[in-house]
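Chemist: Taken from TrEMBL, the feature domain 'Choline/carnitine acyltransferase' covers 25-592. Positions annotated as active site, proton acceptor by TrEMBL: His330. The feature CoA binding site is assigned by TrEMBL to Lys406, Lys410, Ser411, Gln412, Lys413, Met414, Ser415, Pro416, Asp417, Ser443, Arg488, Gln539. Feature annotation from TrEMBL assigns (R)-carnitine binding site to Tyr439, Ser441, Thr452.
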Amino acid sequence: MLFMPVSVTRIAGRYLAHQEGLPKLPVPPLQQTCERYLTALTPIVDPEELNHTRQLLEEFQKPGGVGDRLQKGLEQRAKKMENWLSDWWLQTAYLDYRMPVVIHSSPGVVLPRTEFSDRQGQMRYAAKLIAGVLDFKSMIDNETLPVEYLGGKSLCMNQYYQVLSSCRIPGTKRDNVVNYALDKRPPTHITVVHNFQFFVLDVYNSDGTPLTVDQIYIQLEKIWNSSLQSNKEPIGILTSNHRNSWGKAYNNLIKDKTNKESVRAIQKSIFTVCLDAPMPRASDDMYRTRAGVQMLHGGGSRWNSGNRWFDKTLQFIIGEDGTCGLIYEHAPAEGPPIVSLIDHVVEYMKSSEMVRTPMVPLRMPQKLRFNITPEIKKDIEEAKQNMNIMVHDLDMKVSVFSHFGKDFPKSQKMSPDAFIQVALQLAYYRIYKHCCPTYESASLRMFRLGRTDTIRSTSIDSAKFVKAMDDPARHKVALLDKAVKAHRAYTDMAIRGQAIDRHLLGLKLQAIEDLAALPEIFMDTSYAVAMHFNLSTSQVPAKTDCVMCFGPVVPDGYGVCYNPMDAHINFAVSAFNSCQDTNATRLAQALEDALLDMKTLLEQTPKAKL
């Protein structure tokens, strides 16, 4: 989930030659990170704690001291590796993380509401979508995917090569990710799941050409007609469990040869299509929120949560009632490559009409069989129960802010992302009367194999502004302007590899790798506070009028994702019902009020005063 500050342009080019020209991720200077860390702590920890941390940092930075040694270790690592961070990040952020991927890790995307409301419409839409993804895949395979540029600098395109034909594999202590696109004979099938039953659908003819939309439609119809009952065990729900439990159940499941082959077919498939049963009807203003939870978790074991394989990198979800979107497993990629794929597919579907193709008889799609032992049935029951608890605990609000979009901040010569982030700071402050650690992801794709770093949106300047905003005596426009500029400056710093969070993580992991004692700065209260992100946020801009959603990263926090369009902004806010202090609808409302109040403030003040 990533922030792209200026518009990304695309230029066609060969992938590998381009990758080699990208700079390597730098290791920032130690003193710079220590200073910036103290600055970032100032608005979120009390003065006493801050003083204690200042002393620890002085000790840490001494020439020849602990920090110095770890910094040299990191610099050595950076010389040897293509990217000093990417392996570590994949492991610590994703593969070592043991919470379920559902809600806690995998983002969902809600696509614009579609017009169909029956199985024919559902299958026509699915057939076009599959053809659109295969069209995008051909650009990846031929290395004709246009290289993206950001502020004149070309971006790493590696993530595009990781999202198709890949899958996460559970382990009892840590997971891994496999990518079958690199095999001598790459996969030529997708998986389709309907009524909890999985099918292998070959999407290429023997001469290597993709099936037409019409052919795909005929094959989907065969799948539908051979999976009319939903009385089968929802084997896919196992993938939603706690990773250690699923790792154990997985080892047990694949002892059986049939099961192993079926699981392998799902893992190897290019992507998965979930043909969902209709959900209970919702009022128009609740529609987006209901669609958001359907993408994130499927609605629970009674509905569509068993109609998934959550370890699969890409799953497109097409409901019989016209609710469409996708969910992706986060380990291989961030939001922007996924959104590029969506934008491509949505455009493709506008132009793609059903063409009658000469009737070459196509093989019946193969149904995947599973032998369910009593033990596996028990694992399924446990996963169902855990899923239903998660479903009840998720508090979600997807809304459209319709008063303005990117257009207004731009008219004020302000960065739209910074404007929205400052509004979020104001909304949070108004509810809780204090500032909190805030995470916004920033793209490191200017560097080879770059993933993300953190933009810490709570700044000294944002804290000054939010505290002054509701005080009638204060002159607030200058404070707002400073807060927006401070966010913009942190963003520029982050995308150039000069932020603090990944560097601090690197120093910590270097200490662990050296089998050294963990430095005191990492056992400090300030560090624990700084890493407890009550607001976990991401801007995921798209041409398509869609919105991405994800769960909070702490029990008493919020997840906030947004797509700023020209004249409106799509927001998804999540929280947990088990926390008495958080409420997604309340934060979404406070955010709307904050945006409007900031606009009013700017419009009431003559420009000359700035």
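In case you wondered, yes, glycine gets a Cβ from its N, Cα and C as well.
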Chemist: Using a 10 Å radius around each Cβ and counting other Cβ atoms from all shown chains, which of the binding-site residues Ser411, Ser415, Ser441, Thr452 yields the largest count?
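Modeler: Selected residue: Thr452.
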Chemist: Let me check the 10 A CB neighbour count of His330 (active site, proton acceptor). How many other CB atoms are there?
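Modeler: Taking all protein chains shown, His330 (active site, proton acceptor) has 21 Cβ neighbours within 10 Å.
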Chemist: What whole-number value in Å do you get for the largest C-alpha pair distance within Lys406, Lys410, Ser411, Gln412, Lys413, Met414, Ser415, Pro416, Asp417, Ser443, Arg488, Gln539, the residues recorded as binding CoA?
Modeler: 25
Chemist: Thr452 ((R)-carnitine binding site): which of the recorded positions His330, Lys406, Ser411, Ser415, Asp417 is the nearest Cα neighbour?
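Modeler: With Cα distances computed to Thr452 ((R)-carnitine binding site), the winner among His330, Lys406, Ser411, Ser415, Asp417 is His330.
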Chemist: Please give the maximum pairwise Cα distance, in Å and rounded to a whole number, for the (R)-carnitine-binding set Tyr439, Ser441, Thr452.
Modeler: 11
Chemist: To what whole number does the mean pLDDT across the domain 'Choline/carnitine acyltransferase' (25-592) round?
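Modeler: Value for the domain 'Choline/carnitine acyltransferase' (25-592), mean pLDDT as a whole number: 94.
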Chemist: If you count the C-beta atoms lying within 10 Å of each candidate's C-beta, which of the binding-site residues Lys406, Lys413, Arg488 ends up with the smallest number?
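Modeler: Comparing Cβ neighbours within 10 Å for the binding-site residues Lys406, Lys413, Arg488, Lys413 has the fewest.
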Chemist: Whole-number Å only: compute the distance from the Cα of His330 (active site, proton acceptor) to the Cα of Ser441 ((R)-carnitine binding site).
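Modeler: The Cα atom of His330 (active site, proton acceptor) is 13 Å away from the Cα atom of Ser441 ((R)-carnitine binding site).
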